[in-house]
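Colleague: Quick one: the structure is below, and I'll ask about it shortly.
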Amino acid sequence: MAELEGLEFGKSDFVLLDEVTMEQFMENLKLRFEKGRIYTFIGEVVVSVNPYRQMDIYGKDTIDAYRGRELYENPPHLYAVSDAAYKAMKRRAKDTCIVISGESGAGKTEASKYIMQYIAAITNPGQRAEVESVKNVLLKSNCVLEAFGNAKTNRNDNSSRFGKYMDINFNFNGDPTGGHINNYLLEKSRVVHQQEGERNFHSFYQTLCSLNLTHSLIFWTTNNDRSSHKAVMSALEVIGFSKEEISSIYHILASILLLGNMQFESDGESVQIVGLEAVNHISELTGTDPDSVTKSLLYRTVATGGGEVIEKGHSEEEACFGRDAFAKALYERLFGWIVGRINSVIEVKNYNPVLHGKNTVIGVLDIYGFEIFDNNSFEQFCINYCNEKLQQLFIELILQQEQGEYEREGITWQHIDYFNNQIIVDLVEQPHKGIISILDEACLTVGKVTDTVCLDSMDTKLAQHPHYTSRKLSPTDKTMDFQKHFRIRHYAGDVTYSVEGFLDKNKDLLFQDFKRLMYNSSNSVLKEMWPDGQLSITEVTKRPLTAATLFKNSIVALVDKLACKEPYYVRCIKPNEMKSPVLFDDARCQHQVAYLGLLENVMVRRAGFAYRQPYARFLQRYKMTCEYTWPNHLMSSDRDAVEAIVTQHGFQDDVAYGHTKLFVRTPRSLFTLEQERAALIPILVLFLQKVWRGALARMRCRRMRAIYAIMGCYKRYKVKAHFWEVERRFANVRTMADYGKSVEWPTPPAALSQFHNITVLWWARQIVKNIPPSDMLEVRAKVAALTALSGERKDWGVSRAWERDYLANVRDCPQTSSGFIRVSKELRNKNEYSQVLFSGFCRKVNRFNKSTDRGLLVTDKYVYKLEPKKQYKVLKRLPLDSFTGISVTSGVDQMVALHTSAQDDVLLCLQRGQLCPNQDRVGELVGSLVDHFTRSVTCTFRIKHVFGNTLFRNPFSLSSPLLHSITQCKKEIFTK
């Protein structure tokens, strides 16, 4: 924890200083730097000192230590302010921003990268693929933008030469869903000119390293350029750049390098390009015609007032100016296109607040710091103006608003004096009077207006301004030159600017010929970068805004965007000019502390309150921690309820009550409330879950009761409807010939299925009652045969009348029937059987595969084998009870196997009648036997259906010799 840091490390928060003086502030800052503590708090502001070395304080363990913790729980760190901004965004659904400020080389770019890494690490715990993709693109974009927007300066090896503001969009879960990047004032003049000891943008050196063209640039290239190029290529692929787009990027870089090597010569009348090899290379790389490239570099197409188009040749100086302007514009358009391409990938698409919830934002601002060089030009003027605007925002949000809010709320307050830089901002941007307005007026003036004339105009209009001076206004100040320099007293110090090139850079002139050349390129990427090239030379266009005005408008928009968010600040300090990890330049650091307003910030924080919230919102968040306010209070006002909460927790001496807000002095009191609230939330959630589950159960119960009531009514209706339908269908069955046998029963409802089956049986009995007793024997036999053979044998004689006793039938056996009748009577008297079950001719097959014609008589007691040729002499008599089963085939043959308990099976083939040779009598025999044995309770009879040439071995199977006699067998089943 922060307070547990030993005294040897100094005070972790400048608010804890014994006395708020510059001496104590600097002593504490230096001590912490020397002890390796590069971060220090001023309340919620983090002061960061560039260590100029790698430090092991950014790993996973450190991230876990700061995740979800309050600011003062851990030592000062970038992660602490990052987590505070994230928590504020997630808890209060409020947009936040982190503003990183400081001069060039103070460590702003590295700070922004660590902040992005922390936010990426603590979000998306569920590892959702789409969120991980957004995080990867956001992180990889830093690598790409550094390569194309950063450069080595005399103050910083990785100086941002553009301003970057990144908005990160979050969903209601706090996971990143997209983002947007704004870039400000790329220092494109660096493409054609760098100060001594400095480099161009990193991208050029990385390109040369990748092509192994560094033999002439050994001093300027490093091993880091080669590894950085690989990282950039990987990042471009992750972001989603196609191979064609990546190739186009490096073709444009190569074209710019070739433009830098191009020389011109003049013979007094015309200007020529020295060597056309570079032109051909540029033409090939940009997808343009070589003649068009040459023409654009040497001539300018002009439209006269009468609409006539003429070509005006350049002087050597104009040709060099056009070449440089073209190179700068190429790089600027390339950089803008890369940023736009990244935005097209990371921007939130198809966002619907109703479906996706509230979309909140964390903004991260990493912009160039205050710059003072030996030669300060137009770029430094714009950069320092930007820093003046950001300092003004800091003053308004941290100092002015803080003190103004205390006054409005009636809080006792000791006023803190601070420097308000609004006067400097007005000096630069005030309409009609500011420096930018004077520059624009000079650019719009017809005729030859030089930088010197513009300087004279500024001296005239700004002579009385306390923060502006020049050699003309201060003749004794020999640090400035006449007609060249002017000086502005910035909040960070005095800066002397050279007016040379101000007007040209402000006009940002680029001939239309170059725009049309690039628009007509066969390279689609280049064509996309130059949409304004489609205008013809005769088209009248509105005069474009100047570079300074465009930059001012973008900075004003940026400040407005930051002002509507809850800000968190990282104030970066550069400890020395030597980039040394051990040197602490007291004078240099004190100067930065002074112009950053850190001492005033400490005074305001020390005298003020760390947290403030309207009574209603405070009560809404913490009312569950007090018995008098939960769930709703009965007091006269929300303020009284808030006082009850504060009193119950004993924080009376640490708060102040404003007109509309509660002010809490120290974060510890707030943290105690947060801890108690966090402990109560699970209990409340369980209670709410219990109540809601009970409500759901009651709703389900009421719904089920209603469902059952509806089901009951519906079932009763279906039952009644079924009975009505049965009554309708069977109304006239008594008059039908078949007693309603042909009437189809309606499908019953499920509740009546069993009743339906009983009813059908009852109705069947009603029909059966009408069958004459003489036909009942045949009916029972057919039912028995149906039960045994249905689905197993195609034709079993169900459609004809069954005679049973065919040997006694005169029509079937006219010559022998009388003899059989006589023998039958004798056997009836002798063996006392009462009923003939079946009789007929058959062909018997013995075990030796020999067959003979025989008569078969089956009675209710015996089975007789008769000899028809000998007056039906009884050859063999077997008790019916000795038969255990019968086997038949599934074909049309009349093969029958009678099984006995002695395994003396009988195989025979029934003969068809003479009158009806196609009769099937197997079914009749089976039905008669099954019906007889079904009504007999003393014995069991089994029917076998045999298939193939294999019979299942069991007590009822055929003997082996007899088995080979069977030729058509299909299936075997057993049935009682």
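Cβ coordinates come from backbone N, Cα and C, glycine included.
Nobody curates TrEMBL annotations by hand; they come from automatic prediction.
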Colleague: For which of the residue intervals 233-255, 555-577, 693-715 does TrEMBL record region 'Actin-binding'?
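Modeller: Residues 555-577 are the ones TrEMBL records as region 'Actin-binding'.
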Colleague: If you average per-residue pLDDT over the domain 'TH1' (791-976), what number do you get?
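Modeller: 73, rounded to a whole number.
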Colleague: Determine the Cβ neighbour count for Ser104 (ATP binding site): the number of other Cβ atoms within 10 Å of its Cβ.
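Modeller: Around Ser104 (ATP binding site), other Cβ atoms within 10 Å: 21.
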Colleague: Taking the Cβ of Gly102 (ATP binding site) as the centre, count every other Cβ atom within 10 Å, in any protein chain shown.
Modeller: 23
Colleague: Using the centroid of the Cβ atoms of Gly102, Glu103, Ser104, Gly105, Ala106, Gly107, Lys108, Thr109 as reference, list every other same-chain residue with Cβ within 8 Å of it (recorded ATP site), in sequence order.
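Modeller: Counting only non-site residues, the set is Asn50, Asn156, Ser159, Gly369, Cys572, Lys574.
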Colleague: Under 8 Å Cβ-Cβ from Lys108 (ATP binding site), six or more apart in the same chain: what's there?
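Modeller: For Lys108 (ATP binding site), the qualifying residues are Ile100, Ser101, Gly102, Ser160, Asp366, Ile367, Gly369, Val570, Cys572.
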Colleague: Report the same-chain neighbours of Ala106 (ATP binding site): residues 6+ apart in sequence with Cβ closer than 8 Å to its Cβ, ordered by sequence.
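Modeller: Once residues fewer than 6 apart are set aside, Ala106 (ATP binding site) is near Ser48, Asn50, Gly369, Cys572, Ile573, Lys574, Gln592.
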Colleague: Please work out the helix, strand and coil residue numbers for the region 'Actin-binding' (555-577) from the DSSP assignment.
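Modeller: Per-class counts: 9 helix, 8 strand, 6 coil.
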Colleague: Quick one: give me the count of other CB atoms within 10 A of the CB of Gly105 (ATP binding site).
Modeller: 24
Colleague: Among the binding-site residues Glu103, Thr109, whose Cβ has the fewest other Cβ atoms within 10 Å?
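Modeller: If we count Cβ atoms within 10 Å for the binding-site residues Glu103, Thr109, the smallest count is at Thr109.
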